[in-house]
Amino acid sequence: MSYVLVINSGSSSIKFQIVDPSSTAGDTAFVSGLVEKIGERGGKITVTYRGEKHTSNQPIRDHRGGLQLAVAMLDSLDAGPTQLDVVAVGHRVVHGGQTFSGPALITDEVVEQIRDLIPLAPLHNPANIDGIQVARDLLPDIPHVAVFDTGFFGDLPAAAATYAVNREVAEANQIRRYGFHGTSHEFVSGQVPGILGRDAAEVNQIVLHLGNGASCSAVKAGAPIDTSMGLTPLAGLVMGTRTGDIDPGIIFHLYRHAGMSIDEIDTLFNRSSGIKGLSGVNDFRDLHKKISKGDELAKLAFDVYITQLRRYIGAYMITLGRVDAITFTAGVGENDAATRAAALAGLETYGITLDPERNAAPNDGPRVITTDDSTVTVLVVPTNEELAIAQKSAEVAAR
Ligand code: ADP
């Protein structure tokens, strides 16, 4: 059995999984783990292997120290990357800019190219590079592959990718719509034709990736023709802590009249806005608890979220002309029946009829939640970004 080690390196955490890339669905992680609070108090490493959780609490100075400890812990369980047949290490990289429209075998030059894209993703790409460098040093004999969150959207039609910002300024600063969560949109949209029993070339679909971050895409014959995130993952739908689309004039207003710095506005929009900024909580389970207790701010937050979601669904129905499938995925999309019901309520005229019982069923693999006579099929398809990264990485490593 051969495996891929998948690494998602963030600013203060590293998530990893050892995945069998030939697995098809369900829980595909052979081993999974998390290094938390890197460079902070309360460092912790957790590894789950064969259903058992192993934890180690200790200070973790940096990404190098964290990954070293994680590999040592895996080795002690006989599940280390050099003990198993690990054929590739797949790294999730947030921004591939206009340089990468698909996964790339990592070389020194590729690392430099990812570094050159830091201005486009100042919070994410540096942490991704840390993870890559440490893992390459620790596992030099295994091919490393970068899989970009923007990759799937590299060939968006020019009219969808171009902002109506002065062309010279936009070109000089690489300003365009890049789109994110591409690995998830590609993985989920790739499953839908099979579930419908149709050829991918015939299927027009809308994919709603609703997690803590949220985005949607319009996919025609397997290729995206529009997506809600933009130059950065701040655009589009309302999210757990991010604004989604807002009038850019709000930035000038806060800068000029509230005396906020650009960094303060950046933090406000990314970390303390969205559902959290409106209601005080960002997890939909907590939001529903508040709503059921009559909390009006929580109800407003949910309504704002749904209103924005419906704006995009409506827009993409027109963009696609004919819609065959609308698919919900990620934490909220897979688990929150109330969000799905509200997002598609009253759209029977457009051929969308949810079946309330199917919609309320627990999340257990891909399923259809519309009635049999609904013209548009609405589905819930669990995403699995780690499996998708593993598959792509194994493919690139075998070339
Ligand atoms: P990310 O990968 O972006 O951190 P996920 O896709 O895991 O996020 O989604 C996490 C979110 O999913 C949580 O913040 C919560 O709002 C929502 N969620 C998870 N489980 C449930 C559930 N059972 N019911 C409603 N919402 C849920």
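Placed from the backbone N, Cα and C atoms, the Cβ positions cover glycine too.
Just so you know, TrEMBL annotations are computer predictions that nobody has curated.
Straight from TrEMBL, the features:
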ACT_SITE  D149  active site, proton donor/acceptor
BINDING   N8, E385  Mg(2+) binding site
BINDING   K15, H209, L210, G211, N212, G213, D283, F284, R285, G331, V332, G333, E334, N335  ATP binding site
BINDING   R92  substrate binding site
SITE      H181  site 'Transition state stabilizer'
SITE      R242  site 'Transition state stabilizer'
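Structural mapping of features recorded in TrEMBL.
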residue	record	contacts (Cβ under 8 Å, 6+ apart)
N8	Mg(2+) binding site	I14, K15, F16, H91, R92, G131, E386
D149	active site, proton donor/acceptor	R92, V93, V94, H95, G96, F180, H181, G182, T183, P233
N212	ATP binding site	M239, G240, T241, N282, G331
R242	site 'Transition state stabilizer'	G213, P233, L234, F269, N270, S273, G274
D283	ATP binding site	G240
V332	ATP binding site	L210, G211, A214, F284, T339
E334	ATP binding site	F328, N363, V380, P382, T383
E385	Mg(2+) binding site	R92, T183, S184, F187
Cβ under 6 Å from ligand 1: qualifying binding-site residues of N8, N212, D283, V332: N212, D283, V332
Fewest Cβ neighbours within 10 Å, where candidates are the recorded positions R92, H181, R285: R285
K15 (ATP binding site): tally of other CB atoms within 10 A of its CB: 17
DSSP state at H181 (site 'Transition state stabilizer'), helix/strand/coil: coil
